[in-house]
Structures are given as structure tokens and as C-alpha cells.
Amino acid sequence: MATEAAHGADMAEHAVEGGLSFHPMDQFMIKPLFGAGDVGMFTITNVTLWMFICILAIIGVMVLGTSRRAIIPSRSQSVAELAYGFIYKMIEDVTGKDGLKYFPYIMTLFMFIVFSNFLGLIPMSFTTTSHIAVTWVLALAVFLGVTILGFVKNGVHFLGLFWVTSAPLALRPILAVIEIISYFVRPVSHSIRLAGNVMAGHAVMKVFAGFAALAVVSPVSIVAITAIYGLEVLVAFIQAYVFTILTCVYLKDALHPAH
Amino acid sequence: MAVEPIQEEMAGVCVDAHGSAIGMPQLCGEWIPNQIFWLIITLVVIFFVLSRIALPRIASVLAERQGTITNDISAAEELKRQAKDAEAAYEKALADARTEAQAIAQKARDEIKAKLDAATAEADAKIAEKSAESEKVLAGIRASAVESVEAVAKETAEAIVAALGTSADQAAIDAAVANRMKG
């Protein structure tokens, strides 16, 4: 919050220059870490930095935290075991036992998203999951993986997913069209849901921080930032959870396409 | 974001002359390949760290803990069973001891009763013997007393007759006394 306030003060200078100015989207800018210039594909940027921190955090909890292999776990080992059990149980509940083969892939998705979301809540940090490019790659990987898996596992029977046999025959072609559209919309909603939630929360916080420049409303805006921050902590976890459980649901469709 | 002079050199497709983003940074095409590249590297690294090191390790720890818990529970059940056995043995010993104590008490009571009966019988016999003896003595005494009374009566009668101044023969007096005594 302190940095947000400092940022507000910075904005106040702008306000003196020419009215109140907001740059709520500037926090999502990609910047090269070393020097200036164009951002190429392999440029080391703030994206690289925060993804690297994300990897380190995951290694810290999941590898270093469990290094003692204690029967009675330490705190960090408990967290790692909790995350393991949480995702393991989710897959088992949603897809059944045969979905557990894909546990490492789903765990990778969940750990990346949850750690990116929470690291993004550190003031002045960069939130990688606020970018549609990132979430789109994640959602597309899930979509392609699940679709290919569905055809490999079930062959042509996978198309039964779109042919609702429990409906009257006359309705089935219409339902098939709806099912196909909804199937192809999945990666879109899957990716935009995550990026949109994260981006919106961060942008709203920035807008309130901009209002903090006005002395009259600054107490209100600081209280609002605090409240929104609490909400964002919830959103950070819930969106990771939602992304993961939807992945499990899609995986279930691929493994058991029958309605 | 803070506007620094250095950023003004960065003005391009996604950044304006003040170093701020043009529109949504998320939709600026120039920034997309960079993110996708680093994302894929990150996901691959996380995947290998998790699938090669972290997840098997956590799985083994959880399995080991489950095993320990199962063992402890079965050991606890074994101990509980032993405790139950010991309790049963204790109860049995207690019941046996109680029965034995009752038997001993009963026996002692019977013995005492037998002794008491014997002693009572003996005492009764003695009493009966003594009373028979006494009766015999008493009968003797009574008999001798009657004899004495008769003798005294005869003598007295003789003396009274003599005192009256008449004489009577011994035989008449004896008969008269004996006659009186019978009545």
C-alpha cells in the first residue's frame, strides 16, 4: 500500500501540471530489464523476471520446503502437501481415477497461475497472468491437449460429446450446433476469465490510487484500495481454482465423452 | 506508472511519447511473442521441477505417513486387545478368589457348627447323666427321709403313749403309724 501511496504522490505532481491524470494500464506494460529499445521475442523483460521469481517461489515451497521429507511436516511442507492434496483430490473427484495420469500437467497449470496471481499482488510487481497472451497460451494448451486426447482415447466416439442422445432426435442437430459453438468458445472464456479478473482488479486499484492525489477523497480512496486488495487476494486464489477445475472438467469430457 | 524521461525514448507501437501505454498493453501485438516465449520456458521448467522432484517426493512422504498411521493404528489395536485380555484375566482371578474365599468361609462355618453340635451333645449328655445321678441321690435321700420320719413317728408315738400313762405294745404302735403314714 505504501508504494501505491507513493505512486499517488507521483500522480499529484502530474495533477499540478495538468489536471488529474490516470495511467491505470501502465502497470501492465512490458519493459526490457536491461537498457531501452524494442521488445523482441527473446528480450529479457519484466515478464522474464516475474516468471523467474514464480519458478523460484514454486521451487522454494514444493522442493526446498519438502526436502526434509518429514513424517510430521513443517509449515512449508504442509503447504506443499496441501496444494498436492487439493489438486489431486480435485482431479479424482471431477474426472475419476483415470484422470490422475495428467496430475503433473494440471498441477503445473495451477501452481503457475496461483503463484503468478499472488506475486502480482506484491506492490510494484508485474502480474504475468493479467495478460491475455499468457492465459490464452494456457487455455489453448488445455483446449488442444484435451481435444487431441479425446480423439486418441475415444476415436470417433469423441464426437458423441456433440450428439446428445438423450434429447429427441429432431432437436439433436440444433443441440449439436450449440454444443460445437460452446466447445470452441471454451478456450476464449477460459483465458479471458482469468486475465480479465486479474487485470480488472489491478486497474481498479490503480484508479483508486490516482484519486488518492486529491486530499479530499484520499482517505476514502485508501480505504477502498485496502478493501479491493482484500478482494484481489480472494480473486487470486479463486481464479486459479476456477481455471484448474475447468481444466479438469474439460479433461473429463475427453476421457468420458458420453453425456 | 511513473513517467521517467528515459521512457520517452521508448515511444513506439505500444508506448506513447510520455512513456505510457497506448490502449491496453494486453492487446499490443509487439509485446505478445516475448510473453509466449518466456511463458513456455517457465511452464516447461515448472513441469520438470514438479514431475521429476516435487510430486514424487510429496507422494512418497504421504504414502509413508499413511503407512506409519496404519501401523500405529494396528499396534494400538494390538495393545488394546492385550489390555482387554489382561483385564479379563484379572476379572477371572478376582472371581476365582472370591469363590474360594466363600468356600473357605463356608467350610470354616461348617466346621465350627460341627464342633458346636458335638460340644452341645456332649454337654447335654453330661447334664443328663448328672441329673440322673442327682435324681438317684435325691431318691435315696427321700427314701431315707421317709424311713427316718417313720422311725421318728414311731418313737414319738411311743413317747406320747408313754406320756399319756398307758402302755401299748410295740407292734400296735408300729401298725398304727404305718397306717397313718399311708394315708
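Just so it is clear, glycine is given a Cβ too, placed from its N, Cα and C backbone atoms.
If you look up TrEMBL, you'll see A:39-64 (among others) marked as transmembrane segment. Sequence-distant contacts of the transmembrane segment (A:39-64) (same chain, six or more residues past either end, CB-CB distance under 8 Å): 30-33, 76, 79-80, 83, 111-112, 115-116, 119-120, 125-128, 131.
Taken from TrEMBL, the feature transmembrane segment covers A:102-121 (among others).
The transmembrane segment feature in TrEMBL is assigned to A:133-152 (among others).
Under the heading transmembrane segment, TrEMBL lists A:158-186 (among others).
Per TrEMBL, the feature transmembrane segment maps to A:207-228 (among others).
Here the transmembrane segment (A:234-251) has Cβ contacts under 8 Å with residues 87, 90-91, 94-95, 99, 102, 106, 109-110, 113-114, 117-118, 120-121, 129, 138, 142-143, 146, 149, 186, 190, 193-194, 197-198, 201 of the same chain, all six or more residues outside its ends. TrEMBL lists A:234-251 (among others) with the feature transmembrane segment.
Same-chain neighbours of the transmembrane segment (A:133-152): 105, 109, 112-113, 116, 158, 161, 186-188, 190-192, 194-195, 243, 247, 250-251, 253-255, 257, counting only residues six or more beyond its ends whose CB sits under 8 Å from a CB of the stretch.
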